[in-house]
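See below for the structure under consideration.
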């Protein structure tokens, strides 16, 4: 609940590789530890990368590891008292991303790779395509519409990070020419259908949909880290460090000057 070693601890998450592999949950109030809850199932493997999501619900802390539900630790201390995250022990952390809440010194919150006050955003290994160095946007409300500074350029990369909430059906990301309202690139993950539809719209008429994909990474309750890179011939889209698809330009990318994000999605970070 604070940066001090004597602060209360609302959630203590402690994987133990001790021959009886288990994960121990607990809390500490006024210097005294509570009753341990032990889960004799180890979702982590030595030497392997993991993704862990902690979702704060009205019931408690819902823990997911590598996309699978793991444990719900009920609240013992009000979440309003929680002010810090501390990570210690034998682990290498690549990125941390906080969705929602606030980030000290940044006003609206965002990535948390360096601790309190560090709002530079996070991401998956392998997804760090070059951006253009503009100011990142943290936790914008959706629908989100913004002008793209300097318009779309070759080799420009847009990074979007967020989460697909439970109950989501679809979301939309549009690269638009603001003057005509034409959509040069429309990306439409449809969660319930399990597809990612790509298209364009010119003069009020939609073009031919593209749907073929081997996988749909946009799932309920899942965090995503997406990089959209504009090339001379096509957009290349990466999600969670993996190439997802290419979308060949149907109109000149130079006219694109607006980004729109709509639908069932929580966005934590946008960077041009």
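Glycine residues also receive a Cβ, built from the backbone N, Cα and C atoms like all the rest.
Heads up, TrEMBL stuff is auto-annotated, nobody curated it.
What TrEMBL says about this protein:
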DOMAIN    1-99  domain 'Galectin'
DOMAIN    144-272  domain 'Galectin'
Tell me the residue counts in helix, strand and coil for the domain 'Galectin' (144-272), as DSSP assigns them. 3 helix, 72 strand, 54 coil
What is the pLDDT of the domain 'Galectin' (144-272) when averaged and given as a whole number? 94
Mind checking how the domain 'Galectin' (1-99) divides into helix, strand and coil residues in DSSP? 3 helix, 40 strand, 56 coil
